[in-house]
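Here the structure is laid out as structure tokens; the discussion comes afterwards.
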């Protein structure tokens, strides 16, 4: 029992650590601190520990340090869960995904520092980190036996909800990419108004690539908001007796609603840093929850085959 308690605490620490990596990367982008350590990696401006500390150096170096520490903790968590919970079907795959995509995002970050990358490649950085976070989050939920508390092992999801769950999760990744592209192309404030680029001329076409990027992201968000609202309505109507599905989609709709509000406030507050980081946090939580719903779909399929 004592070992299980330690594993739970460690899983929480690893999950929080992955969130810090995500938010740290967003902070690096939003403060334009990506070259705070110059074109040097893994050292910072020619030394292991930076000698001259500026805000940009502090942000970039801290992000690298957190990534290194969390990478080790996730490796430990992966091995630990493999040994203790390897009998649970998803554990080994989730551990592999967590490590693989964490290494991938670190390599993309290093490549950006050493050689520079295009905006469309850089936009993948956040999304790749997000997959690693989702894997660690699901591992933690398994460690805490969330499934047993909500009787998720016996869940049954109909074909309609299965299709919508898989499709909206894949689509959410596209939404994440468009949001990251907004950041990396410096298009966050290209449109001064909300919900249209210019509220005085709401039907006007975008004038340049940056407005297309910004308005394309807003359109993508509108679609996912309506989509998740519909799925939530369906889940509330048809799955009242399956708490994990019922409450899962209610939480998903709450998060996507808050995400839309945060996106609006990013524009209205002229890219306030706290609001912008909250925007990144909410999409991370939403994607993690959608991935959990995917795991429930997989379990439902397995339960159906075993009958």
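Every residue, even glycine, has its Cβ placed from backbone N, Cα and C.
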Please indicate whether the topological domain of residue 86 in Swiss-Prot carries the same name as that of residue 160, placing both on the same side of the membrane.
yes
Given the ranges 93-113, 198-218, which one is assigned the annotation transmembrane segment in Swiss-Prot?
93-113
For residue 217 (heme b binding site), the number of other Cβ atoms found within 10 Å of its own Cβ:
22
Give me the CA-CA distance between residue 217 (heme b binding site) and residue 37 (disulfide bond), in Å, as a whole number.
31
Under 8 angstroms, Cβ to Cβ: which one of 9-29, 124-144, 219-239 has the largest number of such pairs with the transmembrane segment (57-77)?
9-29
Do any residues of this chain, six or more beyond the ends of the topological domain 'Extracellular' (183-218), have a C-beta under 8 angstroms from a C-beta of it, and if so which?
26, 29-30, 119, 122-123, 126, 175, 263-264, 266-268, 270-271, 276
Write down the Cα-Cα distance for residue 279 (heme b binding site) and residue 37 (disulfide bond), rounded and given in Å.
26
